[in-house]
Structure formats: C-alpha cells, structure tokens
Amino acid sequence: MDLDTITSISTPMGEGAIGIVRLSGPQAVEIADKLYKGKHLLNDVPSHTINYGHIIDPESKEVVEEVMVSVLRAPKTFTREDIIEINCHGGILTINRVLELTMTYGARLAEPGEFTKRAFLNGRIDLSQAEAVMDFVRSKTDRASKVAMNQIEGRLSDLIKKQRQSILEILAQVEVNIDYPEYDDVEDATTEFLLEQSKEIKQEINRLLDTGAQGKIMREGLSTVIVGKPNVGKSSMLNNLIQDNKAIVTEVAGTTRDVLEEYVNVRGVPLRLVDTAGIRETEDIVEKIGVERSRKALSQADLILFVLNNNEALTQEDYTLYEVVKNEDVIVIVNKMDLEQNIDINEVKDMIGDTPLIQTSMLKQEGIDELEIQIRDLFFGGEVQNQDMTYVSNSRHISLLKQARQTIQDAIDAAESGVPMDMVQIDLTRTWEILGEIIGETASDELIDQLFSQFCLGK
C-alpha cells in the first residue's frame with residue numbers, strides 16, 4: 001500500500017522523563033537521517049536497534065536535543081511500515097521542535113489513530129483488534145485491560161473467523177444443491193447439514209452475547225447514580241469512594257447543583273459514579289438544570305445507590321424518590337449512622353422489600369467495604385468469570401452479533417419450512433457479511449474512518 005510518511009508525538013504532552021516522536025512510512029528512516037547525527041547513519045544500522053545521537057537543525061546546525069532513536073524496519077513493525085521512534089527528554093518545547101523538524105523535512109502530521117489505522121489497512125491487525133488497542137489505553141481496571149489484551153491478541157477475531165468459515169462451508173453445500181436440484185438426496189443432505197451447522201453457529205453467537213453484559217461493564221464502566229434527598233450524604237459517599245473532594249460537601253441542602261461524574265475501581269469492577277443534584281421541585285434556575293440532568297442520569301443508570309439519612313425519619317419525599325427508582329437495580333444505603341438514629345429501619349425494610357440494604361457512616365468511613373462487596377455481588381455474583389475467556393465488550397460488536405443471531409435464525413426457520421435454498425442462501429450470506437463487519441472485512445470506508453477518528457493522536 002503506497003502511503004506517505006506520517007509523524008506525531010506518541011506520549012502525553014507535558015513534563016516527563018521521556019517524550020517520543022514517532023514516524024511511520026516509506027521515508028521514515030530517510031527523514032530521520034536528515035536530522036540525526038550519531039556514530040552511524042540510521043539507514044545503515046540493523047532493524048530493531050536503539051541508537052544514541054543528537055537531533056540537529058539542518059538549516060541552523062543547532063543541536064536541538066540529545067536522543068535515543070529506535071529503528072524498526074518493515075514488515076516486522078506495528079504498522080508493517082518502516083518506523084522511527086525518537087526518544088527525547090520529556091519537555092513540551094523540545095519535543096514540539098523535533099516534531100516540527102520531521103514535518104519540515106517530509107513527514108505529514110498523523111491524524112488521530114492513523115498509526116493503528118495503517119496497521120489495520122496493512123493487515124497487521126483486524127478492526128476488532130484495532131478497537132481493542134484504544135480500549136486497552138482507556139481501561140480503568142486490571143480486569144478491563146486483560147479483556148482488551150485478550151482481544152488485541154486476536155481471540156475474538158479467531159472466533160468470528162471460525163464462524164464465517166463455517167458459513168462459507170454451508171454456502172458451498174447450498175451451491176451444490178442449487179446447481180443439481182434434480183437430486184433429492186443432495187437436497188436432503190444439504191438441509192440436514194445446513195441446520196446442524198447453523199444451529200452450532202447460533203449457539204456460539206449466543207455464548208459470546210452472554211459475555212456482553214459483563215464485558216461492556218468492564219469496558220465502559222457500570223453507570224452508577226447516587227440519589228437521595230438533598231443533604232443525606234451523597235457527595236460524601238462519592239468522595240469516600242473516589243478518595244477525592246470533587247463534590248462540594250456543606251451543611252446547606254442543594255449545594256450539588258449539577259451532575260458530578262467520576263470513575264472508581266470497586267473490587268475490579270469499574271464504576272462510573274454519578275452524584276446527582278437532589279431531585280425535587282425548585283425555582284432556582286441553576287439548580288433546576290442540575291435536577292433535569294439528574295433525571296436523565298437516572299434513566300441511563302445501570303445501578304442506583306439510594307441514600308437515606310439515619311438522623312431523619314422517612315418522609316413522603318423519600319417514598320416518592322424510591323417509587324421512581326424501585327424497578328431498577330438498587331442498593332439502599334442508610335447513611336450517617338454516627339448520628340442519633342431517628343429513622344425506623346423496619347419502616348425502611350417495609351418500603352424496600354428485598355432490595356439490598358447497607359448501613360454506613362461516611363464520616364467514620366464505616367460500611368464502605370460492605371457496600372463495595374454488595375455492588376460486586378449484585379452484578380457478578382461475587383466473582384467475575386475466568387479472565388482468560390473471551391468477552392465481547394464493545395457495543396458495536398454486541399449490536400452486530402445480535403443482528404447475526406437474527407439472520408442465522410431466519411436461515412434456520414426458512415430451511416425448516418422448506419423454503420427454496422436460494423432464499424436461505426440470502427440469510428446465510430447476510431450473516432457472513434454482518435460477522436465480517438466486526439473484524440472489518442466487510443465494513444465500509446466511512447465506518448472505518450469514523451472509528452479511527454475516535455483514537456488519540458500518536459496512536
């Protein structure tokens with residue numbers, strides 16, 4: 001594939017020990033040699049070596065930076081192109097200067113995700129593996145990173161390719177049936193083979209979809225909304241879980257006027273914690289905006305932490321709020337157990353029925369462990385499944401698998417109903433195409449561009 005040479009900073013901007021400028025493309029080594037001065041020309045050194053030298057401005061002859069340069073020659077590289085990585089001291093000014101010099105002497109600034117896109121276009125990885133690269137970068141927990149690494153290694157890809165190959169074998173048998181319709185024994189054998197193989201494919205798709213709920217949570221986080229009357233301790237709970245003071249905690253009811261969101265690792269489960277403004281009628285315009293956002297957050301939540309105040313008796317407002325959330329996955333928390341108990345716990349139990357109940361004191365940090373265990377148990381039965389198994393964690397993949405399950409079921413129904421094989425062939429082919437979209441073999445250029453545009457620069 002004839003592509004130009006791209007360049008980008010591949011490390012986070014800011015002060016640090018090391019900053020890396022990466023080049024990839026047919027002119028990568030040549031461009032670097034125009035700037036690099038060391039014991040040998042980079043063009044003359046072996047592949048996969050690191051070389052000490054300096055970056056020199058060819059025009060002013062000024063020494064710009066002391067560097068270590070990695071030379072990686074195609075095809076045994078991430079992009080399957082020649083790659084140069086210039087390791088600089090991690091300062092904004094210097095690394096930008098090196099980047100500008102690479103562009104001055106022939107490289108183009110890379111688009112977001114373009115290095116990974118080239119790896120995909122050059123056949124180094126497929127689309128699901130490319131998406132997993134960004135999942136790995138963005139992972140919030142050890143489990144999430146392991147799920148992403150599993151996909152980077154191609155385990156999901158291998159399963160999808162296996163199912164697509166099975167469909168091709170069915171289609172080949174169907175073609176024989178279509179070409180020789182006069183042989184009844186061929187038709188009977190084809191129908192039997194089609195049904196047997198199609199049901200196995202559907203079973204495998206179902207197995208993958210069964211991992212989707214856990215996989216999606218590990219990838220995106222469990223959207224968890226903290227809700228309750230104003231001043232029951234919602235923000236204190238958020239702060240205790242994230243060990244931060246992002247939310248303002250005061251004695252004035254209604255001081256959380258917006259939706260505050262933070263990620264937290266709860267026993268290996270990534271929670272996307274949302275602290276909402278108290279949901280109540282208000283004339284304050286700023287607070288009213290926060291209340292509306294709270295209602296929206298509630299409608300999108302995977303888990304709701306419903307907080308009550310141990311120091312106050314249940315009110316009609318508590319009952320009204322619980323009525324709003326009771327049909328969702330809820331954990332009820334009676335907070336402020338360090339204060340005098342004015343709430344009737346039996347009344348609380350009557351209101352919530354079998355809903356889990358935890359008693360906490362955020363001030364004394366009591367009950368937090370019990371809360372974390374309850375969250376884990378509620379969604380994962382106390383233990384996430386074997387980390388070596390292949391999870392489907394990407395919403396796009398889950399959607400496509402659901403479509404594939406439907407089209408393979410359509411093929412099964414049609415075959416069992418005696419529909420002509422050329423009609424069954426349509427559903428089988430569509431299933432093959434849908435599965436191909438997961439790994440990028442049948443994905444449109446527009447979809448590919450859109451997916452890679454979500455990557456960070458330098459990746």
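Any Cβ shown, glycine's included, is placed from N, Cα and C.
Sequence annotations record features per position, and here Swiss-Prot assigns (6S)-5-formyl-5,6,7,8-tetrahydrofolate binding site to R22, E85, R124, K459. Look at K459 ((6S)-5-formyl-5,6,7,8-tetrahydrofolate binding site): DSSP puts it in coil.
The GTP binding site feature in Swiss-Prot is assigned to 231-236, 250-256, 275-278. Over all protein chains present, the Cβ of S235 (Mg(2+) binding site) has 22 other Cβ atoms lying within 10 Å.
When Cβ atoms from all protein chains are considered, those within 10 Å of N231 (GTP binding site) total 20, not counting its own. According to Swiss-Prot, the K(+) binding site annotation covers N231, T250, V252, T255.
Summarising the annotation, Swiss-Prot assigns Mg(2+) binding site to S235, T256.
The domain 'TrmE-type G' annotation in Swiss-Prot covers 221-380.
Set side by side, the binding-site residues R22, R124, K234, K459 differ in how many other CB atoms lie within 10 angstroms of their CB, and the most is found at K234. Listed in sequence order, S10, I20, V21, R22, L23, V69, S70, L72 are the same-chain residues at least 6 apart in sequence whose CB falls under 8 Å from the CB of E85 ((6S)-5-formyl-5,6,7,8-tetrahydrofolate binding site). In the three-state DSSP scheme, S235 (Mg(2+) binding site) is classed as helix. When averaged over the domain 'TrmE-type G' (221-380), pLDDT in the model lands at 74. In the three-state DSSP assignment, the secondary structure recorded for R124 ((6S)-5-formyl-5,6,7,8-tetrahydrofolate binding site) is coil.
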